[in-house]
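Asker: Found this in Swiss-Prot, in case it helps:
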BINDING   GLY184, GLY185, GLY186, LYS187, SER188, THR189  ATP binding site
Amino acid sequence: MITPVPQHNSLEGTPLEPAISSLWSTAKRIDTRVVRGRITRAVGTLIHAVLPEARIGELCLLQDTRTGLSLEAEVIGLLDNGVLLTPIGGLAGLSSRAEVVSTGRMREVPIGPDLLGRVIDSRCRPLDGKGEVKTTEVRPLHGRAPNPMTRRMVERPFPLGVRALDGLLTCGEGQRIGIYGEPGGGKSTLISQIVKGAAADVVIVALIGERGREVREFVERHLGEEGLRRAIVVVETSDRSATERAQCAPMATALAEYFREQGLRVALLLDSLTRFCRAMREIGLAAGEPPTRRGFPPSVFAALPGLLERAGLGERGSITAFYTVLVEGDGTGDPIAEESRGILDGHIVLSRALAARSHFPAIDVLQSRSRVMDAVVSETHRKAASFFRDLLARYAECEFLINVGEYKQGGDPLTDRAVASIGELKEFLRQSEDEVSDFEETVGWMSRLTS
């Protein structure tokens, strides 16, 4: 009788054994099958396809072997007899012969420190002619917001170099604030000032649905070579597909999260939140969602908090975020303006009337508010800002009488002081685009005006 020779594992009992066992266990779970499907319908910005085992958010390739066409698409819905895909890009050249190939991957963002100083699109492709973009890792496009119980509280001011903001609407490090204004209300001017003056280590700018002319103008004139060194600009112009425009905002946020995890102070400027929501509306309506307020489907209002809550303070670094919102008039009835105000930590309201009088930045101080200001400024600063606002309010109440020559001095001492000092108050609030004001000097000037 022959006795079997026992198999001896040469790694047994060595330090490598646990690692090898873990790798072997993982390898056995890997599915190496390539799942393929076919297109059944393609209309507008939506593709119907048969694709077994597809998941919401999964990336697929649309491939036509005869023409060599290869397009990326994302699964956005599941049907009884197939899936809904939205292409990342246009549908030009797509035919009924194209195969749908599952990649098994969700949307990811290539990231690395070498992205600083670059202008890229939402898929990390270079737009600045500086060659290939070098990245070191990837992370999910749709990250999770920090745990509310581990998120640090906003306790320090975040100087912006803009007197009206630093003095009267002081922002805190890690705050999220909306900038609300009509077209032509001075949003670009204010964004330019914030980019230049923000006390940040890294600046991330997302330009969503902008005109192509304005993108180059912003990068070269407003940001400049010096500002671009610490910045990354993510661009999807108005001619790009809804999927690309919708991807721009979470892409910029993912970049900001990467630098926050390095312990850095990040300023995130997203222009505009309205155009992001419009792109989401295009996708949602094409997928058959019911229109609700102003034609926006429910998925838009679900996506907003998921995007906005990702900014703020982390365990180490911070993302101080500014989101522009396009409104008509005072924004009453605008669902995006109303929804975002309920989520964000403050709002800056821009006045077209001030912009028409060449009063820049065109901030309507009395209609604006920073919800964290009291937590990040001294009592002296808070009192000076409160009195400054009182003077502006008193002048606003009697401005009509002054203009028609009916105002009479002596009725109220505070109103008389407001009228006498309005020139100095406006001088404080006005600031040229290239001027960056020191935070302490701003507070000192405001204190002298209100003493």
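Even glycines carry a Cβ here, placed using N, Cα and C.
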Asker: Can you list the residues of the same chain, besides GLY184, GLY185, GLY186, LYS187, SER188, THR189, whose Cβ falls within 8 Å of the ATP site's Cβ centroid?
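Answerer: Other same-chain residues near the ATP site: GLY181, LEU190, LEU350, ALA355, ALA362.
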Asker: If I restrict to non-local contacts, at least six residues apart, and a C-beta distance under 8 angstroms, what lies near GLY185 (ATP binding site) in its own chain?
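Answerer: Within the chain, GLY185 (ATP binding site) has Cβ neighbours under 8 Å at LEU350, SER351, ARG352, ALA355, ALA362.
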Asker: In terms of DSSP three-state secondary structure, what is the assignment for GLY186 (ATP binding site)?
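Answerer: For GLY186 (ATP binding site) - judged by DSSP and reduced to three states - the answer is coil.
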Asker: Which has the fewest other Cβ atoms within 10 Å: GLY184, GLY186, the binding-site residues listed?
Answerer: GLY184
Asker: Please report the number of other Cβ atoms within 10 Å of the Cβ of LYS187 (ATP binding site).
Answerer: 23
Asker: Among all the protein chains here, how many other CB atoms are within 10 A of the CB of SER188 (ATP binding site)?
Answerer: 18
